[in-house]
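Following: one structure in structure tokens, then a few remarks.
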Amino acid sequence: MAMRGISDIIFKVEKLAVIIIIPVMLLAMVFDIIFRYFVQSPLIWAQELTLYTFVWCSFIGASMSIKTKEAVAVNLLVDKINPKLRNVLIVAGLIVSALFSIFIFYLSINWITNPNILLQKSITTQTPMIFMYICIPISLLFMSIHFLSWFLESLRFTRAGKVIE
Amino acid sequence: MILTMLIFAVVLLIRVPIAIVLGISGIVLLVVSGNGDMLINSPQRLFSSLESYSLLAIPLFMLAGEIMNTGGITSRLVTFAQKFVGHYRGGLAYVNIVANTFLASIIGSAAAQIAMMTKIMVPSMEKEGYKREFAAATTASAGMLGPIIPPSMLFIIYGATSGTSIGDMFLAGILPGILLSLAFVILVAYIGYKEKFPSKPKASWGERGMSLYKIIPALLVPGILIWGIVTGVFTPTESAGIACVIALIVGLFLYKELNIKDLPSIMVNTAISTAMVTLLIAMANIFGWAMTFERIPQAIAEWMTTISDNPIIFLILVNILLLLLGMLVEGIALIIILTPIFVPILPAYDIDPIHFGVIICLNVVIGILTPPVGSGLFLATSLGKVSIESFVKAVWPFVFVSIVVLLLVTFIPSLTLWIPSISK
Amino acid sequence: SGSSETETKAAGEKGKTYEFKMTHVTQTGHIWHKFAEKFAEELEARSDGRMKLEIYPAAQLGPEADMVQQLSSGSLDFALITVPYLSSRFPELDAWNMPFLFEDLEDVLAAQETEPAQKMLGLLDSQGLKGMDYFFAANHNLLVNGDPIQSIDDVKGRKIRFAGGASVIDFWKGLGASPIAMGLPEVYNAMQTGVIDGVSIDTNPMLSEKFYEIGKTYVLTNHMAFGGIVTASKTKYESMPEEDQKIIDEALAAAVEWGEKEIVAISDKNLKELEKLVDVVELKNREQFSGEAKKIYEEYSNKSELIKEFISTVKKE
Ligand code: NA
Ligand code: NA
């Protein structure tokens, strides 16, 4: 239950994040066009802002797609077998997915804590890349928690003898 | 490699999300090939696979689609088309293909085109009584025209990698593009006849006039897009951003069907549907990177060139290889890896590099629809909200006619070489 | 498997065998790829076949940020990385991007040998890299549509693509241009549709990426040196026995010597070929631009002692 609660709170944070990020992405692009054509004074930062808000939005959205169970998967086999085996396979798949995201999260922590990361800057605006890179460990942490919560939920379902949807 | 394929199949079948399946396979491939020390680089690879301006069109067209659907623009566009061609059996399916053909002369990437059109066409076709998976398959297949009819991102990359004139490549794509479009129209006519597609009673000229009047604000969206791209005021990517703004204005102030309160859920939907595709692209990148590092595609291609010195057999082998590799490796990466291997040996077979380029690119666009890995497949299934299995069932006739076109293009060189030759 | 080292004591031969991996951003038709192939050839010959080099062109293993990371973690052995990218990680390297600092390619090649230039190579150490040597491509010129650029007034309001570098963006923005940094593959389409009306580019990609198809006038501005640094993985290099390091150093020196002769030779050849394809014009008022460039030299000299030293050394020669 605790895991479910944490996962729900994280999902709220993620929603808030994308509600802020997407308008910023759109506005940066629109202002870029307006300033280039009508004001004739370029906005040097706009292109990079659009690009990196997109990357942020992609990885946060990726974690959200796990929470909403929308990530694309293949039902071909699990739809054809008996419910008991179906539950076992799905639960196994979920723990594999959870372990994978935890592993990549662990790798990304090793990566992001390397002191060289702090020396990297973006090409046009010279913004430290850490502000962009950090979206990887954050979204993978969130994704791991969503997967674990989903796994525990499915495990409860299986124990209660219900069929996982 | 065999162990990797086995693990790939097993985790895929136990309903692990495909993106995760690709990531796991990439990592397994690195470990079993003794490159475990490269795992540390995978987070950076994930990041930089999305750090590309050419992908920006995806979230923006998704956002534009969400706004247009919520704001009543899509429904009016569709009503308009119905009033004029709805009395033909399968009218909306033709509208879909024709609209995609025109769009292809503006947009250079299949992903951008599929993202944009799926959001608009699938809900409207479903409302008209078409099966969702057929609607998604028609849209995704017609989206293949994007990089075949010029301008084309794939031709640019092939031209640069092979030393072929990009201008000639563009010209060479025109006839194959038209042929592909015609083939889809014939296919839709056949399926429509067989499955008794919906048709409506003919609309009166009064109804048509009314729908035309209502459509005028909605036409601002495609109108301004085409104007902006043709005059060079903005790039196709930027046009997606502009489309969002116009759709917002039309939805909020002209049709008044859109409410400020709708916006947060539009953002959340956009983020999730974008991510479903981009996470796949990022994870497919890890898998492709592991394969490239092991030189797997290169090894296969090099082995192939030793088999036969007959150009026909060579081209058939190339097509088989590309269709197979295209199932697993995504578009641009495939061109970048294979072009430098094949192009130097073309003179030995007396094959024109322009002709060969169109063959490669046709294979690559077919590959975006074939399972298990394909950006077109992922876009159409996630945006069209259909399962992979039912989509694959619906799309295979389209893939089949595309292969027929591919064979025509392969064995009739003048289909590609005639237009470039008369323009000299 | 990736750059594995195995002891081979067969036939009484001592020493390890190496399978190095090297990557770069350009296509196989570019001089950088030919240089990498020459390096591979030299390595193999000088090590009696113990050292093999596999080359991954066209950023097949990822863009430059990834190359640097793969070098510092030791999964990649060598990469030829562009100076504009490296200057985003080592601000001192922006010295090479200074506008209108060099008259021609020979000036650039001479500047590589100077003390400040060698100090810059040493800076790469701090991020797990080993700066082995410079390998330049050519000087950048401007390919434009519309009016050819002849004076600083012609630059105002022009949308021009640059490879990057803080000083480059500052300089052209200062002249009233609209500098845009976009990836090389996007340039062709952007130029053809008029999203940009100019691109800063040397003669190699003008031909290898077919940019002559989309631009009208090639103005020989010679405004910036464009090149790369042959970068090795520091941990990998330092873990090798001294005699093997020596083989690598010598093989690289031979490849660079061959490559530099080649660059000078092809830059004339490229230009002659381009003259048949686009209008090639000289820049009339170069001194106007050089005058403006002094402001940038001053600004960046204040930011870094090494840039200051580099500019004054180059100016003296
Ligand atoms: Na197109
Ligand atoms: Na595929």
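Glycine is treated like the rest: Cβ placed from N, Cα and C.
Keep in mind the model is a prediction, meaning the values are calculated, not measured.
Mean pLDDT across the domain 'Tripartite ATP-independent periplasmic transporters DctQ component' (A:25-156) comes to 91 in this model. The annotation domain 'Tripartite ATP-independent periplasmic transporters DctQ component' is assigned in TrEMBL to A:25-156.
The feature transmembrane segment is assigned by TrEMBL to A:16-38 (among others).
For A:44-66 (among others), the entry in TrEMBL reads transmembrane segment.
Annotation source TrEMBL lists transmembrane segment at A:87-109 (among others).
Same-chain residues lying 6+ beyond the ends of the transmembrane segment (A:129-152) with a Cβ under 8 Å from its Cβ atoms: 3-4, 6-7, 10-11, 14, 52, 55-56, 59-60, 62-63, 66-67, 69, 91, 94-95, 97-98, 101-102, 104-105, 108-109, 111-112, 117-118, 120-122. For A:129-152 (among others), the entry in TrEMBL reads transmembrane segment.
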Sequence-remote contacts (6 or more beyond its ends) of the transmembrane segment (A:87-109), Cβ cut-off under 8 Å?
77-78, 81, 136-137, 140-141, 143-144, 147-148, 150-151, 154-155, 157-158, 163-164
By DSSP, what is the split of the domain 'Tripartite ATP-independent periplasmic transporters DctQ component' (A:25-156) into helix, strand and coil residues?
98 helix, 2 strand, 32 coil
